[in-house]
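Trainee: Pulled from TrEMBL, these are the listed features:
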type	residues	note
TRANSMEM	9-28	transmembrane segment
DOMAIN	11-149	domain 'EamA'
TRANSMEM	40-58	transmembrane segment
TRANSMEM	70-88	transmembrane segment
TRANSMEM	100-121	transmembrane segment
TRANSMEM	133-151	transmembrane segment
DOMAIN	184-322	domain 'EamA'
TRANSMEM	185-202	transmembrane segment
TRANSMEM	214-235	transmembrane segment
TRANSMEM	251-271	transmembrane segment
TRANSMEM	278-298	transmembrane segment
TRANSMEM	304-323	transmembrane segment
Amino acid sequence: MKFQKARPFIAIVFIQFLYALMSIVAKLALNQGMSPHVLVAYRMAVATALITPFALILERNTRPRLTFKILFQISIMSLFEPVVEQNLYYSGMKLTTATFTSALCNALPAITFIMACIFKLEKVIIKRRHSQAKLAGTMVAIGGAMLMTFVKGNVIELPWTSKSRSYNGQSHVMNTPKQEDTGKGSIMLVASCFTWSCYIILQANILNSYQAELSLTALMCCMGMLEATVMALILERNNMSAWKIHPDMRLLASIYGGLVSGLSYYITGWASKERGPVFVSAFNPLSMVIVAILSSFIFLEKMYIGRVVGSVVIVIGIYLVLWGKSKEKVGNLLPKAGCAGTVVKLEEQKVLTHDNNQVVHKSDKIMIPKAPTKSQESV
């Protein structure tokens with residue numbers, strides 16, 4: 001029973017480790033001159049090839065009928081993620097650093113919380129302390145993202161980054177991005193967080209009507225591949241050599257990125273169905289810490305006080321949101337309800353029999369009797 005409760009936590013932590021390593025691999029590929037738009041297209045092609053056979057075999061008897069409405073919703077969802085989100089994400093990463101990208105994307109839970117409130121997937125009652133904590137945490141996380149963007153501060157010297165190693169006269173230190181590039185990259189990264197939040201919200205809704213996680217992931221990867229390819233052909237129409245792949249870090253980024261995409265879409269969809277979209281996005285700080293450690297060794301990337309403080313502020317805001325969610329009455333949620341908007345009073349779940357009044361449970365649906373008629377009241 002304890003393992004069942006811990007499964008969503010274990011799954012999301014595992015995904016954050018995969019994401020962290022993907023940030024490093026992708027940054028190496030982008031530094032070698034790979035187009036971020038081509039990277040997205042190849043990544044989706046690999047993801048489609050990897051996940052589709054599993055979906056066809058494992059869900060051949062349980063897959064619901066695919067309607068035009070569902071297919072249209074999947075195409076819209078895949079346009080948000082991977083197409084728009086990943087193009088903005090990798091374009092922003094190319095202008096900044098891997099650590100900055102991971103840290104700024106920690107604003108995702110706050111943006112997701114706002115989106116969940118708009119679509120009534122999260123319940124906010126201002127008078128209650130847990131709702132106040134969620135609102136305060138959202139504002140703190142946004143403030144931390146702004147602090148990271150506009151405040152740099154002094155360099156924090158680390159033993160292994162204080163002296164740049166160079167071979168053949170060429171330094172292996174990551175080039176410090178210009179301030180204007182950091183500004184442009186920040187805008188792209190915040191926009192990518194917004195589109196990722198839209199994807200999480202849409203995925204939580206679509207899974208209610210198309211309950212086949214593997215098939216949904218395969219369809220989404222396939223649609224994403226088509227849409228990303230069209231976008232890359234348009235944006236790289238004057239540079240067709242960008243599509244060339246050699247056995248180097250660019251090939252590794254495409255293959256590993258496809259593997260991460262297939263696994264992450266399936267696992268985040270399952271975890272969102274189990275615990276809600278805000279829970280899924282709340283573990284991003286773990287990825288930031290891993291990326292910061294790896295980047296300081298691989299890229300000799302320097303740390304700045306302003307960005308470290310901004311990251312800490314974002315993490316504080318995120319865990320205010322998490323604390324607020326933990327104080328919600330878990331017992332008031334139906335099994336696999338996911339979001340706070342599905343709260344049902346426990347009293348309504350009890351089976352009561354009194355004359356003709358009865359509450360019946362069938363397939364997790366609650367049938368609540370109508371109020372007695374006047375004739376029944378007179379009796």
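Positions of Cβ are set from backbone N, Cα and C atoms, glycine also.
TrEMBL does not curate its annotations; it predicts them automatically.
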Trainee: Suppose I define contact as three or more CB-CB distances under 8 A, residues 6 or more apart in sequence; do the transmembrane segment (214-235) and the transmembrane segment (100-121) meet it?
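Mentor: No, the transmembrane segment (214-235) does not contact the transmembrane segment (100-121).
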Trainee: What residues in the same chain, six or more past the boundaries of the transmembrane segment (40-58), come closer than 8 Å to it by Cβ-Cβ distance?
Mentor: 82-83, 86-87, 90, 212, 214-215, 217-218, 221-222, 224-225, 228-229, 231-232, 245, 253-255, 257-259, 261-262, 265-266
Trainee: Ranking 100-121, 133-151, 185-202, 278-298 by the number of C-beta pairs under 8 Å to the transmembrane segment (304-323), which range is first?
Mentor: 133-151
Trainee: Output the single range from 100-121, 133-151, 185-202, 251-271, 278-298 maximising the number of Cβ pairs under 8 Å to the transmembrane segment (70-88).
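Mentor: Of the candidates 100-121, 133-151, 185-202, 251-271, 278-298, 185-202 scores highest.
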Trainee: Quick one: DSSP breakdown of the domain 'EamA' (11-149) into helix, strand and coil?
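Mentor: Residue counts for the domain 'EamA' (11-149) by secondary structure: 114 helix, 0 strand, 25 coil.
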Trainee: Mean pLDDT over the domain 'EamA' (184-322): what is the value?
Mentor: 83
Trainee: Would you kindly check 9-28, 100-121, 133-151, 251-271 and say which stretch has the most C-beta pairs under 8 angstroms to the transmembrane segment (185-202)?
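Mentor: Per the Cβ count, the answer is 100-121.
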Trainee: Per DSSP, what is the helix/strand/coil residue tally across the domain 'EamA' (184-322)?
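Mentor: Going through the domain 'EamA' (184-322) residue by residue, I get 118 helix, 2 strand, 19 coil.
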